[in-house]
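Undergrad: What TrEMBL shows for this protein is this:
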- A:K50, A:G57, A:R58, A:G59, A:V113, A:E123: ATP binding site (BINDING)
- A:N215, A:D229: Mg(2+) binding site (BINDING)
- A:N280, A:G337, A:I338, A:V339: substrate binding site (BINDING)
- A:2-217: domain 'ATP-grasp fold succinyl-CoA synthetase-type' (DOMAIN)
- A:278-397: domain 'ATP-citrate synthase/succinyl-CoA ligase C-terminal' (DOMAIN)
Amino acid sequence: MNIHEYQAKEILKNYGVAIQQGVVVESPEKATDAAKTLADQTGTGWFVVKAQIHAGGRGKGKVQETDSNGVVLAKSLEEVPEKVKNIIGGTLVTHQTGPQGKKVNKVLIAEDVYYPGESDPKEFYLSILLDRAKGCNVIMASTEGGMDIEEVAAATPEKIIKEWIDPGVGLQPFQARKVAFALGLEGKAMKEMVKFIFALYKAYESTDSSMFEINPVLKTSDDKILAVDAKVNLDENALYRHKDLAELRDITEEDPLEVEAGKNGLNYVKLDGNVGCMVNGAGLAMATMDIIKLSGGDPANFLDVGGGANAETVEAGFRIILKDPNVKAILINIFGGIVRCDRVASGVVEAYKNIGEINVPIIVRLQGTNAEEGAKIIEESGLQVTSAILLKDAAQKVKDVLS
Amino acid sequence: MSVLVNKDSKIIVQGFTGSEGTFHAEQMIAYGTNVVGGVTPGKGGQTHLGLPVFNTVRQAVTEAKADVSVIFVPPAFAADAIMEAADAGIKVIITITEGIPTKDMIMVKEYLSNKDVRMVGPNCPGVITPDEAKVGIMPGFIHRKGTIGIVSRSGTLTYEAVDQITKVGLGQSTCIGIGGDPIIGTTTKDAVQLLMEDPETEGIIMIGEIGGSMESEAAQWVKENATKPVVGFIAGQTAPPGRRMGHAGAIIGGADDTAEAKMRIMKECGVHVVESPADIGETMARVLGKEVVGS
C-alpha cells in the first residue's frame, strides 16, 4: 500500500528519523497560518510547497491548469498562499501519473533545508527493500541523490552501495558506518548518518514495510542528516497488525473501478486495451491477458475473481468491465477445480439477464470440473455468448470477434 | 519414483479442523492420499474425519510417524505453524496459506536454513504425485500418472498445463506449485533440480511469471545441468510495470523481471519457451518426439 509523503514523514518522525519539517494543508486559505506555525517551529524564512499525490516526478511535473510545477519554492511567507493556490485542486501530470495526471487534494508546506552555512549541502539516495533472491532486506545508498536510481544503476552501477541485513542479528553498527563512509561522510555528518540509518531501519521493520525510499537524504550545511522526501510502501499482508497504518490509505489516489472491484472481493487492475477479461487465479489471469495480445487484441484489464467464483462475483466483474468504454469484447476464462464450471456458466447467464443490454461479444472458456455441463448451459441460454473448452479455441474466437 | 510426496508419505494437516483444512483434507483422503491425522492446538485427542487430532506436530511425528505436513493455518499464525513443523522433524512442509506477511517469511526462511527440511510455498496449490498423493488444493481428476514434471508459481495456470499434458497423452510425474509470494521455500531452480534428478521424469515444464529473478536463475542452472528437455512459459507479457498482478510477488520492479527479459534468458539457456500458454502441452510432446494423442 502506498501512502503520501507527509504521512511517510510522520511515521519516520515517530521512530526518531530526522525529517524536513512541514505542515499539510487542504486549502489555500489555511496556507498562511500553516506557514507561520512552521516558521515559529523551525525558524525557516523560505518554504517549499509540495503537491501530495501517489506518484514520483512531482518537481518536474506540471499542474495542467496553472502550469506550476508540483514542487515550488516560496521565498517569503507572503508568497505561500499564491503558490499553494496554483497547485491545490489542480491536475498534476508527471512521468509517473500518465497523461491524465492526478488531482492534488493536499499540499505539504515544508521548511527550507538548503540554507547556506559552513559546508555545502549534499544530497544522497537511501532505500531499504526486500532482496527476494537472498530472502533478506537490503539497504541501498548512493551519492547520486535526487536522481532516478534506476538510471544510476544502469549508467554507473559502481555508485550504488548495498548492505544486506542478516535476519538473525539485524542491522549492525559497522554496516551503517560502512554506508556512511562510502557516501564520503566524515566527522559529525558521518555519525548523524549512522543514527539516521539505524532509526530508518527500525521504522522499516516496525511498520512491516516493503519499501522505503528516501530520495534525497540531505546533509545540511551544518552537518545534519534529514529526509527531504519519503516514499513508503507498506506490506498489505501485514496491515492486520497495524490498524493505525491501514487508516492511511487514500482511496482518492486509486482508480474508482479498482476500489469498487476490491469491495466485491475482486482483484482488478485497469489497463488501456480493448478486450476485457475475467479469470480465476492470478497466473491464469496474466496468461489470459497474454493470449488476448497474441490474438491481436490488447487486454483492458487484469481481473482475478479468486477461488469463489459465483453468480454474484461474475455479475460484479461484468459490471466493472463494462464501465470501461474501450472494451470491445470480453473473454471469461475459468479453470474449474473447486469452482464448478456449471455454476459459473449459470452465473454468466444470470448476470447477463440482470444487466440487460450487453453490446459486446462475450467468449466464455470453461475447463475443468463440469466444463461440458457449463458449455451446454451457455449454448442453450440463447444469449449472444460463444463458448470454448480449449485455451487455443478461446484464443481463436477472440481473433474472430476482433477481425 | 517421484519427488517430495508419494504413496508412502505420512501426511498431517495443520489447521485440520478449520473449514479450509477440513474441506481439503477430505478431498485429499478421497484421492487416496495417506493422511495420518492433523494438528489443531487444544483439540488433541479428538477424532476428525476418522483420523486423530494432535495438539502439537511433535506428537503427530512421534505417534503417527508423520513426515509431511500441509498447512492451512490462517496467515497470522502460519509462520509459527511452519516453524513448529520444522522443529518437530517434518521433512516436507507444504504451506497453502495466502497472505503471510513478508517479515514473517524472512524469519521463517532463516529458521529453516540450518534444518534438514524442505518447504514448498506459501501461497501455493501444493504438490501432487498422480495416483499416489495429492497434498494441496488442486483438482485431482485432471492429473494422469506420467513422466512430465511441472513447476509453477501459479494455481489455475498449473492446472491448465496439467490438463494440456494429460490431453496430449503424457501425464505427470510430480507437479510442484511453488507459490506466488516474494519469499518462498522452494525456488524454481530448486524444484527443477529435484525433477531433473528424478529418474521417472522425462521432461520438465517450468511456468513462471513477472517479478523476481527465479526463472532466470533456474534457466542458468538448466543450461549447465540439463539432462532432459525443459519447456517454459512466463505469464504477464502484457502486465504494466509497478502494478501488483494478484500475486504478492508478481510485480515488475525493473528491466530484468519482465516476462520478455525472462523469456529471452530462458531461450538463451536452451529452454523451449512458448509464447502462448495454449501451446505448453503440444510443445512438450513435440520436444520429446511423442505422438500427440487426440487434443
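All residue numbers here begin at 1 and follow the chain in the order shown.
Using N, Cα and C of the backbone, Cβ positions are placed for all residues, glycine too.
I'd like these features described in context: how deep, what's nearby, how far apart.
TA: According to its DSSP assignment, A:R58 (ATP binding site) is coil.
Neighbour density for A:D229 (Mg(2+) binding site): within 10 A of its CB lie 23 other CB atoms from the protein chains shown.
All protein chains included, A:N280 (substrate binding site) registers 27 other Cβ atoms within 10 Å of its own Cβ. In the three-state DSSP scheme, A:N280 (substrate binding site) falls into the coil class.
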Undergrad: Whose Cβ, among the binding-site residues A:G57, A:G59, A:G337, has more other Cβ atoms within 10 Å than any of the rest?
TA: A:G337
Undergrad: Where among the binding-site residues A:K50, A:N215 do you find the Cβ with the fewest other Cβ atoms within 10 Å?
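TA: Each of the binding-site residues A:K50, A:N215 was scored by Cβ atoms within 10 Å; lowest is A:N215.
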Undergrad: Rounded to whole angstrom, what's the largest C-alpha distance between any two of A:K50, A:G57, A:R58, A:G59, A:V113, A:E123, listed as binding ATP?
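TA: Greatest Cα-Cα span of the listed binding residues: 20 Å.
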Undergrad: The domain 'ATP-citrate synthase/succinyl-CoA ligase C-terminal' (A:278-397): mean pLDDT?
TA: 89
Undergrad: Sorted by position, what residues of the same chain at least six away from A:I338 (substrate binding site) have a C-beta under 8 A from it?
TA: A:G307, A:T369
Undergrad: From the binding-site residues A:G59, A:V113, A:E123, A:N215, A:D229, A:V339, keep only those with a C-beta under 8 angstroms from any C-beta in chain B, and list them in sequence order.
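TA: Answer, by Cβ distance to chain B: none.
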Undergrad: Are there residues of the same chain, six or more positions away from A:V339 (substrate binding site), whose CB falls under 8 angstroms from its CB, and which are they?
TA: A:N280, A:G307, A:G308, A:A309, A:G368, A:T369
Undergrad: Restricting to the record's substrate-binding residues (A:N280, A:G337, A:I338, A:V339), give me the longest CA-CA distance in Å as a whole number.
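TA: Value for the max Cα separation, rounded to a whole number: 11 Å.
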Undergrad: Residues with Cβ closer than 8 Å to the Cβ of A:R58 (ATP binding site), same chain and 6+ apart in sequence?
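TA: A:K50, A:A51, A:N69, A:G70, A:V71, A:L92, A:T94 - these are the non-local Cβ neighbours of A:R58 (ATP binding site), listed in sequence order.
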